[in-house]
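Beneath this line is the structure, given in structure tokens, with notes to follow.
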């Protein structure tokens, strides 16, 4: 870690820690495990002494069981003597303006997304700080490491995507002897072994990720517009599940908040993450909420004519339920963040309400196939990047089994929807379990009686196209409604895609 005389040179390190002798401290039993991960975020500035740099930053120790508040995060300051490549730092006893200068790098570094506390522990920083200050009063917590350049294994580093111009290794010890000699150690000595991190590489990965999110958001808008055109009639919109669209809108709202929060935490990436958040905001607040409202209005044609007060009251109930589910989901994720992967399975069951609605209503082609396939693929992009890509900037360990399960789960839902689209909504349900269904091709008794007697029958016209309808048994181009009105097969099918009521007497029609 040669600082090269630069005035605010910054570098991040990641590695592991382990107990030197396996013993735990008696006064401050910070960790109960024997090993874990460690992250350094350091900045340096020149001093008046040649070859000596002032260093400050944060040290985060993870994968241990901190006594009450999770991972241990300490602010430290010290010096780096570059001729001897030795770094010596101590726990900061005061936070003054000079110490805060390093926050500029820490908050602007993309690696800050990885090194920061988890959301649950973030608001506990006051209690953590008070405990660390208590430790600082009783212990001399110090970090002594040797920093040396490392000859990289280019083949392995290029395969991992972690290549950088200069590699550094940090090896040393974190210890905390008591300030009183007769009390011994009060902080268990930890052996540190860390490697430098290419922050620029993380920056590029984060930018590429936000470009991917922006692109898939644009695709989702196109697929959603295609679906809205497919169901632009009152009958077509009424076939679409309100819960299905609402669940996807909630997912996009969470993604909008997530990317906006990431942009606030990392100042240098605010523009890129804010762009991704903006596109997600457009998807859920403009297109999905508009479609949600269109579906709601298509199911309440009577209420829409009862006056503004009735419509406003029902509309307020719709929005209250939507934002109620949105806030409840945030609380659930906050409390059960350790089970996030299982919660994602619940979110990615958004096709199931539409499958059930198709079966219950026996709906004909409520969703366009392009919308089904396109939304399925674009929804899988972000979780597969986070949990399947080994070089993701979030440094999440790949879990191919979980990704395969999520892909299979969502793919099975999409396959059922496509099967319902081409073969019928109830094609996979045994006929014995289905209720009796009205047949639009039933025998026309009155017309056939006239034909058998040799009597002339009054011509029957289709009120849709105003052409004569052949009502003989040999004709397959005739459909009859429960109210005994005759239409051409193609005419009535196109009419039922618009309205599920008889064109002659306006009585409700059963599904085909």
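Glycine residues also receive a Cβ, built from the backbone N, Cα and C atoms like all the rest.
According to TrEMBL, the protein has these features:
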- 206-225: transmembrane segment (TRANSMEM)
- 249-270: transmembrane segment (TRANSMEM)
- 276-296: transmembrane segment (TRANSMEM)
- 317-334: transmembrane segment (TRANSMEM)
- 340-360: transmembrane segment (TRANSMEM)
- 372-393: transmembrane segment (TRANSMEM)
- 399-419: transmembrane segment (TRANSMEM)
- 462-506: domain 'RING-type' (DOMAIN)
Quick check for me: are there 3+ Cβ pairs below 8 Å between the transmembrane segment (399-419) and the transmembrane segment (317-334), leaving out pairs under 6 residues apart? no
Number of helical, extended and coil residues in the domain 'RING-type' (462-506), per DSSP: 8 helix, 6 strand, 31 coil
To the transmembrane segment (340-360), which of 206-225, 249-270, 317-334, 372-393 is linked by the most Cβ pairs under 8 Å? 372-393
Top stretch among 206-225, 249-270, 317-334 for CB pairs under 8 A with the transmembrane segment (372-393)? 206-225
